[in-house]
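Visitor: Taken from Swiss-Prot, the feature FAD binding site covers 4-35, and the record attributes it to similarity to another entry. Residues or ranges marked as NAD(+) binding site by Swiss-Prot: 145-173.
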């Protein structure tokens with residue numbers, strides 16, 4: 001069995017790459033392999049609409065007949081056991097070997113579960129797949145006491161949804177503020193207040209020492225020694241890139257598969273994108289970004305590179321969430337050195353938080369301000385030089401600041 005290009009991974013990175021390959025004119029054989037039985041679906045709906053019961057299943061990224069129309073072969077509910085990067089072969093569980101010209105590793109990430117005692121007790125959940133959320137919906141009932149371990153994006157989204165379902169919810173967060181890494185302390189604190197208004201208990205500076213129970217979880221023991229009664233618990237403390245295949249194949253990995261800014265690995269013809277890839281950042285350094293939008297952007301860049309086109313696609317973290325009735329968007333790393341500028345007040349309406357580093361706009365977070373966020377995104381991507389007083393002045397349109405920054409950049413060139 002031969003194949004020109006094999007995409008390993010049925011998430012947004014894999015299917016976006018397949019679509020981009022066809023859009024850019026690739027007409028050879030194209031195989032998409034996914035370990036789940038479902039066609040690629042929107043994982044961002046799992047912690048919100050699907051868990052809430054508003055949707056029975058997560059929306060498919062594309063309908064079944066789309067794959068036929070685009071001549072993309074799907075191999076579902078199968079696991080890739082090995083990739084021979086020298087011979088360019090891919091081994092499926094149960095066989096066969098697939099002979100390939102190029103391969104894309106888009107294997108994603110799995111939920112991180114710290115190795116504390118009791119993490120395997122019934123009633124302790126993680127959320128990464130449709131099967132995970134279906135089990136939670138069957139198992140969770142109004143009035144149950146749920147402990148959410150981790151106050152990041154997924155943890156806070158799950159907590160909000162669980163509260164709507166009538167559960168009594170507590171969040172345990174090991175740091176001194178919710179969402180601090182992705183939203184910054186100011187917006188993180190504002191989100192904490194909104195969650196508490198919903199009746200969610202938030203406990204900061206407290207991680208988990210162990211889960212206790214006999215046939216099912218009954219208690220969560222915090223790192224500060226306190227006990228929290230728990231009928232159910234969910235662990236939301238990040239994800240681990242699925243690098244096993246890459247490591248077995250001899251590819252360099254460090255918290256993700258190391259790739260260049262077009263997604264290429266050290267092995268010719270082997271590429272990686274999405275949550276599994278440690279991608280170069282526009283601001284320097286590298287890491288796995290673990291966002292839907294970045295996965296799409298990486299996959300698009302990789303598709304071009306796989307077809308021999310010159311691509312340079314360093315990334316900026318770019319994501320969004322909906323929480324307690326508010327839409328929050330973010331670009332860049334809001335936590336870091338420099339100074340902060342708040343434009344507006346989220347208590348009174350739309351607002352943006354900017355981080356300036358060496359006088360340049362390096363990150364932004366918006367609350368209920370999608371139009372201004374679009375302008376803020378351009379400022380961050382350009383690394384625009386804007387004074388803090390001007391940036392925080394709501395009487396000045398961000399569009400005008402953008403225009404001025406663009407003109408300065410053209411003059412500098």
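A Cβ is built for glycine as well, from the same backbone N, Cα and C atoms used for every other residue.
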Visitor: Among 8, 12, 20, 32, these being the binding-site residues, pick the one whose CA is nearest to that of residue 153 (NAD(+) binding site).
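Guide: It is 12, whose Cα lies nearest.
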Visitor: Can you tell which of 12, 32 has the most other C-beta atoms within 10 Å, given these are the binding-site residues?
Guide: 12
Visitor: Roughly how many angstrom lie between the C-alpha atoms of residue 145 (NAD(+) binding site) and residue 8 (FAD binding site)?
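Guide: Just about 39 Å between their Cα atoms.
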Visitor: Can you give me the same-chain residues 6 or more apart in sequence from residue 4 (FAD binding site) with a CB-CB distance under 8 Å?
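Guide: Spatial neighbours, sequence-distant, of residue 4 (FAD binding site): 28, 29, 30, 100, 101, 102.
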Visitor: Under a three-state reduction of DSSP output, how is residue 165 (NAD(+) binding site) classified: helix, strand, or coil?
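Guide: DSSP call for residue 165 (NAD(+) binding site): coil, neither helix nor strand.
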Visitor: For residue 149 (NAD(+) binding site), just count the other CB atoms lying within 10 A of its CB, please.
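Guide: Result for residue 149 (NAD(+) binding site): 28 other Cβ atoms within 10 Å.
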Visitor: What is the total of other Cβ atoms whose distance to the Cβ of residue 20 (FAD binding site) is within 10 Å?
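Guide: Step by step: centre on the Cβ of residue 20 (FAD binding site), count other Cβ atoms within 10 Å, giving 19.
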